[in-house]
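A.B. asks: I'd like to ask some things about the structure below.
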Amino acid sequence: MSKQPRKQRKALYTAPLHKRHNSMSVHLSDDLKEEFNRRSFPVRKGDSVEIVRGDFRGTEGKVEGVDLKNYRVLVDGASSQKQDGSKLYQPIHPSNLVLTEIYLDDERRNQALNRKV
């Protein structure tokens, strides 16, 4: 693996979707860190997150979507209203989020979370 910044950027921009999913990991809150013995976990729709940086800092909300193409997360609390009344979500980078509650209805995700790291 190269150390060159241009090759690192190229790898990020040209990564396939199944590999982008792992880079969409969000840090766990302190109590979740203790419970699951891991620092971060890939985010998905249905998780609850807290925004720790940016204009929406301190806002908690459910994840409404994950944009793998642009490496962004859409959070329910970080939205504005358009003129016609519809919601416009502000895309947020996963590094600016902390996972507060994990959506565990998915069995494979449950196994991945409890797997030894």
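Backbone N, Cα and C atoms are what each Cβ position is placed from, and that goes for glycine too.
From a predicted model like this one, the values you see are computed outputs, not experimental measurements.
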A.B. asks: In Swiss-Prot, which of 1-28, 85-112 is tagged region 'Disordered'?
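C.D. replies: Checked against Swiss-Prot: region 'Disordered' maps to 1-28.
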A.B. asks: Helix, strand, coil: count each for the residues of the compositional bias 'Basic residues' (1-10), based on DSSP.
C.D. replies: 6 helix, 0 strand, 4 coil
